[in-house]
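Below: one structure, written as structure tokens.
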Amino acid sequence: MTDGSDERSPLLQNGHAEDQQNDPEIIDFSKEDDENPRNWPRRRKFVNVAIIAFMAILSPLASSMFTPGISEIAVDLNTSDSTVVGATTGFVVFLGIGPLILAPLSETFGRRKLYLVCFSIFALLQIPTALSPNVEALIGVRTISGFFGSVGIANGGGTISDMFHPSQRAGVFGWYLLGPLLGPTLGPLFGGIIVQYLGWRWIFWILTIVCSFNTVVGFFFLKESYAPVILEARKKTYEDSSESGSKSYRMAGQDDRPLRSKLANSMARPLRILFMQPVVFTMAVYQAILFGTTYSLYTNFQAIYGELYGFDTTTVGLMYLGPGLGFLTAVWFIVPKIDTIYNYLARKNNVEAKPEYRLPLANIGAVFIPTSLFVFAWTVQYKVHFVVPLISTVFFGLGQITILNTCQNYYIDSFQQYAASAIAAGAVFRSIVGGILPLGASKLFESLGYGWGISIFAFLSLALSPAPLLFFYYGEGVRERFAIEL
């Protein structure tokens, strides 16, 4: 890995434009260039982060917001509860498939256009969802909206990589990543209140208003951060200038392939990264198990706390705050240390920082995840006071965000310019598994009981818990051995 000054080489090299008589003038960022996103004022960077983080929280929020109203929706649309769960499955699966297309498109056309177009469509699709006359329409519209709503998840990591140097990135990324995690956690709480007082259709009317507001803010304040698009605009300005005369211009690292070839290569990139890089595939499986576990538990909290503990819908919604507290604790106290350890290991070994230096703190999550799941499984099985399983979900949330944050930063540092595609590779796997597993979770818990049923998820996470430690020591060699042309 190279240092921050030339991380995106050859697209961005901190050199000066060459102006030779017979050669085209090279369009590039100078060292102190104000248009370089990494030189932007902090306020401009954080406005961008806030807008995309809000996008990244709203789509996962929409994925789980109606779970407290599943029974009411089933009665209203004359169907079964399990059929209504299919609306969550379709949404979450396409929340993962979307990044396979939207991430590489952002690496061709830029981030801003993709954000605004896709989130505008996502906001508008909440209207037919609210008006769904039957469960088929509900599932169909929800599935399509999941695709467009994935844009914040698909490109958020790439946008943060555009604007922040590696030594500053993990802390910022930690707050951004709260969106995809807090969304499914807060959704049932808000949804429960709305369903109880306004009815389930109002969930989607409120989403229409909030998503539209965020989109309008984006139109005015969201800035393009992808360097090749910024340099292309600069090149066009120079070419259109009356002072250019016969002078020709060329972007640093300009890709002269036809658009069709570039798109084909871009579309294939996430899957090539996923299936040809063992480190990405292994950590993607790890994340998929975590998301599958999360959605399997969330879709059954109503049964667990409602039937076993006798809580009403609003009180069940409050139980989702357990993992949320774990997320906030991790972001506040643990995630900032990812950068600290990353920089410390580089100084200690007197070498350039390696992507593997992001992984040590993942071992905390590797311990907390299976431990908390075992505790939750058996305290629920034996109906121990609800405070005990609630506390275990705090540690589950803490472990989850620690694993996901270190993994995402590992992807970004390993693939740099193509960070969005690398993150998309992991997102598709975890979202598909996270969408499909809940379909069978209820029957699993009915047949095995909550003790052994949830313990299966704990054993799966335990089996993969050595991965961060193994990749810390051997990840660099694995990445080099399976290096691919992107």
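Placed from the backbone N, Cα and C atoms, the Cβ positions cover glycine too.
In TrEMBL, annotation is done automatically, which means it is predicted and not curated.
Feature annotation from TrEMBL assigns compositional bias 'Acidic residues' to 20-35.
The domain 'Major facilitator superfamily (MFS) profile' feature in TrEMBL is assigned to 48-479. For the domain 'Major facilitator superfamily (MFS) profile' (48-479), the model's pLDDT averages out at 87.
Among the features that TrEMBL reports, region 'Disordered' is placed at 1-37.
Using a Cβ-Cβ cut-off under 8 Å and counting only residues 6 or more beyond its ends in the same chain, the transmembrane segment (46-63) has close neighbours at 88, 91-92, 95, 115, 119, 122, 126, 145-146, 149-153, 155-156, 159-160, 163, 172, 175-176, 178-184, 186-187, 190, 207, 210-211, 214, 217-218, 221-223, 225. Annotation source TrEMBL lists transmembrane segment at 46-63 (among others).
Taken from TrEMBL, the feature transmembrane segment covers 83-102 (among others).
Below 8 angstroms of C-beta separation, residues 51-52, 55, 59, 62, 102, 105-106, 137-138, 141-142, 144-145, 148-152, 154-155, 201-205, 207-208, 211-212, 214-215, 218-219, 222 of the same chain, each at least six residues beyond the ends of the transmembrane segment (114-131), sit close to that stretch. Residues or ranges marked as transmembrane segment in TrEMBL: 114-131 (among others).
Residues or ranges marked as transmembrane segment by TrEMBL: 137-160 (among others).
The feature transmembrane segment is assigned by TrEMBL to 172-196 (among others).
Sequence annotations record features per position, and here TrEMBL assigns transmembrane segment to 202-222 (among others).
Counting same-chain residues at least six beyond the ends of the transmembrane segment (273-298), those with a Cβ under 8 angstroms from any Cβ of the stretch are 64, 67, 88, 92, 184-185, 188, 320, 323, 369, 373, 376, 393, 400, 403-404, 407, 410-411, 414-415, 418, 421-422, 425-426, 428-438, 441, 454, 457, 460-461, 464, 467, 471, 475, 478-479, 482, 484, 486. Marked as transmembrane segment by TrEMBL: 273-298 (among others).
The transmembrane segment annotation in TrEMBL covers 318-338 (among others). Away from its own ends, the transmembrane segment (318-338) comes close to residues 170-171, 173-175, 177-178, 181-182, 185-189, 294, 298, 301, 305, 311, 358, 361, 364, 386, 390-402, 405-406, 409 of its chain (Cβ-Cβ under 8 Å, at least six residues beyond either end).
The feature transmembrane segment is assigned by TrEMBL to 359-380 (among others). Long-range Cβ contacts of the transmembrane segment (359-380) within its own chain (Cβ-Cβ under 8 Å, at least 6 residues beyond either end) map to 290, 293, 297, 304, 308, 334, 337-338, 341, 345, 388-389, 392-396, 398-403, 406-407, 410, 450-455, 457-459, 461-462, 464-469, 471-472, 475.
The feature transmembrane segment is assigned by TrEMBL to 386-406 (among others).
The transmembrane segment annotation in TrEMBL covers 418-440 (among others).
Under the heading transmembrane segment, TrEMBL lists 452-474 (among others).
Residues 170, 173-174, 177-178, 181, 185, 286-287, 290, 294, 297, 305, 309, 311, 319, 322-327, 329-331, 334-335, 338, 358-359, 361-362, 364-369, 371-373, 375-376, 379-380, 468 of the same chain sit 6 or more residues outside the transmembrane segment (386-406) yet have a Cβ under 8 Å from a Cβ within it. Put simply, of 137-160, 202-222, 452-474, the stretch with the most CB pairs closer than 8 A to the transmembrane segment (418-440) is 137-160.
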